[in-house]
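Feature annotations, reproduced from TrEMBL:
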REPEAT    68-103  repeat 'PPR'
REPEAT    104-134  repeat 'PPR'
REPEAT    212-246  repeat 'PPR'
REPEAT    247-281  repeat 'PPR'
REPEAT    317-351  repeat 'PPR'
REPEAT    352-387  repeat 'PPR'
REPEAT    388-422  repeat 'PPR'
REPEAT    494-528  repeat 'PPR'
REPEAT    529-563  repeat 'PPR'
REPEAT    564-598  repeat 'PPR'
REPEAT    599-633  repeat 'PPR'
REPEAT    634-668  repeat 'PPR'
Amino acid sequence: MPSEACRDGPFLALTLFNRVCREEAGMRVAPPTIFTYGILMNCCCRMGRPDLGLAYFGRILRAGLKANQIAANTVIKCLCCAKHSDEAVNMLLHRMSDLGCVPDAFSYNTVLKSLCEDGRSLQALDLLLQMASKEGGACSPDMVAYSTVIHGFLKEGKVDKACNLFDEMMRQGVVPDVVTYSSIIDALCKAGAMYKAELFLWQMVDDGVRPDEVTYTSMIHGYSTLGRWKQVRKMFREMTSRGLIPDTVTWNSFMDSLCKHGRTKEAAEVFFSMAGKGSKPNIVSYTILLHGYANEGSFADMMSLFNSMKGGGIVANCKVFNILIGAYAKRGLIDEAMLILTEMRGQGLSPDVVTYSTLISAHWRMGKLTDAMDKFSQMVVGTGVQPDTVVYHSLVQFLCTHGDLVKAKELISEMMNKSIARPNTALFSSIMDSLCNEGRVIDAHHIFDLVIDIGEKPDISMFSTLIDGYCLVGEMDKACGVLDAMVSAGIEPNVITYSTLVSRYCKRGRIDDGLILFRQMLHKKVKPTTVTYETTLNGLFRAGRTADAKKIFDEMIESGIMVSISTYNIILGGLCRNNCADEAIILFQKLRAMNVKFNITTLNTIIDALYKVERREEANDLFAALPASGLVPNASTYGVMVQNLLKEGAVEEADSMFSSMEKSGCAPSSRLVNDVIRTLLEKGEIVKAGKYMSKVDEKSISLEASTSSLLLSLFSGNGKYREQLQLLPAKYQFFDGIS
C-alpha cells in the first residue's frame, strides 16, 4: 500500500514529532533544528493545514533559531495556501531580508501563483516587474514566472495583457514552452481572434517549440466555431503532417461546432469514423451528437444512437437522458418524454433537478398547470430533489400568467424560507409586459400588487409597463394615476415613461393633455427624444393645430435634438394636410439646398403638394427624376400620381400610370382601386371603371361601402347611368331592378 503510506506520511511525521516532544521524553532527544521545522511546515501544507505550519514558524522565532532560505520559502508557501496573499507579499519583500534571507525564484513564483489564483494578476504583474528590475540576475523572472502571470491574465479574460506580457517575455530572451504558447493560442481562439492565433502558431514553430495535440485542438475548435471549415481541414492536415493524431478531445470539439452550426449530418460522419482513426467515441462524443439530433428534432437518429451506446460499452448517464427527455418535451411530446423517464429509472438513474425542470416547463407551456404542479410535488416529496431557482421562477411565471397569484405567493414564501433567491422585478416586469400586450392590464396590475405584497419595491420598468398597458387599452386616466403613484414612491419618470403617455394622448386626440405632460417633462429637465417630438408634432398636425406644431418644431431645433428625415416628413406631410402646401414646398427647397438626404416618403409628399398648388409640370418632373435620385417609386408614389392625374381629368395618363405600377411589381392597395373606381364613375368613364372593377376580383380586393353606395345610386332605379349597366362586369349587373 505505498500510495496510502505516501498520503499519510505528513500526518505520521507530525504525530512522531509530537510524541518525541512529550515531557516524558526528557533530555534524551535532541532539540528540533531549523531543518526539522522546515519539514514540519511543509507537511502541514501538504495536509491542507497551513495554519499549523505558521504556528511552527512561531516556534522557530520563539526558539531563537535562525531561519534559512528553505524555511522562509516554506513560510511563504504556508501563507499562500492559507490565502493570505498580502502577508506573503510582505514576507517576500520585507521580512525575508529581516530574517537574513534573499528571495529567490521559488519565493517569487510561489507568491505570483497565489496572486493569480486570487484573481489579482495585475498585482502579480507589478511584482514580476519588481523581480525583473532587481540587479544581479539571481531573481530574474524565468519561464515559470512569466507563464504564471500570463495564465493568470488568461484566466481573468485579459487576453491583450497576456499577449503584451508574452511579447515582453520574448524581448527578455525567455523562451516560452508549449504550455504557455498553447494557453495563449487557446484564449485567442475562444475570443475568435484566429488571425492572431495563427501568428502565434507560426511564431511557436519558428522558435522550435513543437505544437502538440492541445495546440491544434484549440485551433480546430476556433475555426470551426466561426464556421471556417476550409481552415479546419488545413489544421487537420497540418496536425497529421507533424505526426500528431487527433484524439477524442479533438474530434469531440469539432463535432460540437458542427452540431452548433446545424451540420449534424457531418458531425455524425465524424462520429462514425472516429474508431477507424484510433479514437473510440466516449460518453462526451455520444452526448454531443445526441444533442445535435435533439436540436434538429431527428428523433429516429437520436434514439438509434442512444440504443447503440450499450453496444459501444458506454453507459448512459443522467445528462444523456435529460437530452432525450428535453428533445421530446420541448416539442410538446410529453408521453414520449415520460417513456424516456421510465427507462431512465429502469437503468437505476434518478431524475435530477434538470429532468424535473424540463418536464415542469413542458407541462406549463402546454397549459397543464395541474400536471406541472404534480411534477413539482413529486420532485420535492417523492425524490427529495431540491428545486433550484430556474424551477421556482418558471412556476411563479406560469402561475402569475394564469392568474393564480395565491399559489404564486405561496411558492415565493417557500423560496424565501429555503434561502433561494426570489424572483426579481425583471421577471415580474416581463410577465406584466406579456399580459399588457394581450390587453390583460388588470391582471398585470395584480402582479404589480403582488410584488409589493412580497416586500419588493416596484422599479421604474414596472411602473412604465403598467402605464403603457393602461394606455394601450385607452385607460388614460388610470395611466396617469400610476404615474402619480410612481412619483409618490420616489421614482422619477424617465423619458420613456413621459414619451409613452404623450404618444398615447396624441394618438387619442387628447392633444392638450399630451402637451401638458410634454411641458411637465421639460420642466423636470427630462430631455425629450426625437421620437417624443415627432409624436407631438404628428398629433398637433392631425388636430389641425399647425401654428402650435411649428412652435414645437422651432423648440426642437433650438434644443439641439437631432432632426431626422422622418421628422421632416412629418412636418412636410402635416403642412400639406393643413392646406399649407406652398410652405411645404418652400421648406423642401431649403432642405434640398442643405443637401438633406430625402427618402421616397418625402418625394411622395412633395409631388402631392405640387399637384395641390397646380404645379403639375414640376410634379411630373420630380416623379421622372426619382431614379436619378437613387429612389424607387413605391405603391404610394404611384397612388399619388394616379389620383392627382384623375382629379385633373387626365384619365389616359392615369390609366397608363396604373399599368406602370403593376408592371413594376407594386401591388395597388384596396383604397387606391376603390378611389379610382369612384373617380371614374363620377366622371362618367363607365367602361374604364368596369375594367378596374374586374381587378377587384383578380386581386382579392373588396369594394368599400362608399363605392357600393355610389354604384347603387348611379345604376339602380332612376340612376343616372342605369342605361349603361351592361357596360359593367356581369357580376355587378344585379343592380338592374333595384329601386
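The backbone N, Cα and C atoms fix where each Cβ goes, and this holds for glycine too.
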(request) Helix, strand, coil: count each for the residues of the repeat 'PPR' (317-351), based on DSSP. (result) 25 helix, 0 strand, 10 coil
(message) Which residues of the chain, 6 or more past the ends of the repeat 'PPR' (352-387), have a CB below 8 A from one of its CBs?
(response) 318, 321-322, 325-326, 329-330, 332, 334, 337-338, 341, 344, 394-395, 398-399, 402, 404, 407, 418, 420
(request) Mind tallying the repeat 'PPR' (599-633) by DSSP state, helix then strand then coil? (result) 25 helix, 0 strand, 10 coil
(message) Could you give me three numbers for the repeat 'PPR' (494-528), the DSSP helix, strand and coil residue counts?
(response) 26 helix, 0 strand, 9 coil
(request) Please work out the helix, strand and coil residue numbers for the repeat 'PPR' (247-281) from the DSSP assignment. (result) 26 helix, 0 strand, 9 coil
(message) Suppose you look only at the repeat 'PPR' (634-668); what would the mean pLDDT be?
(response) 87
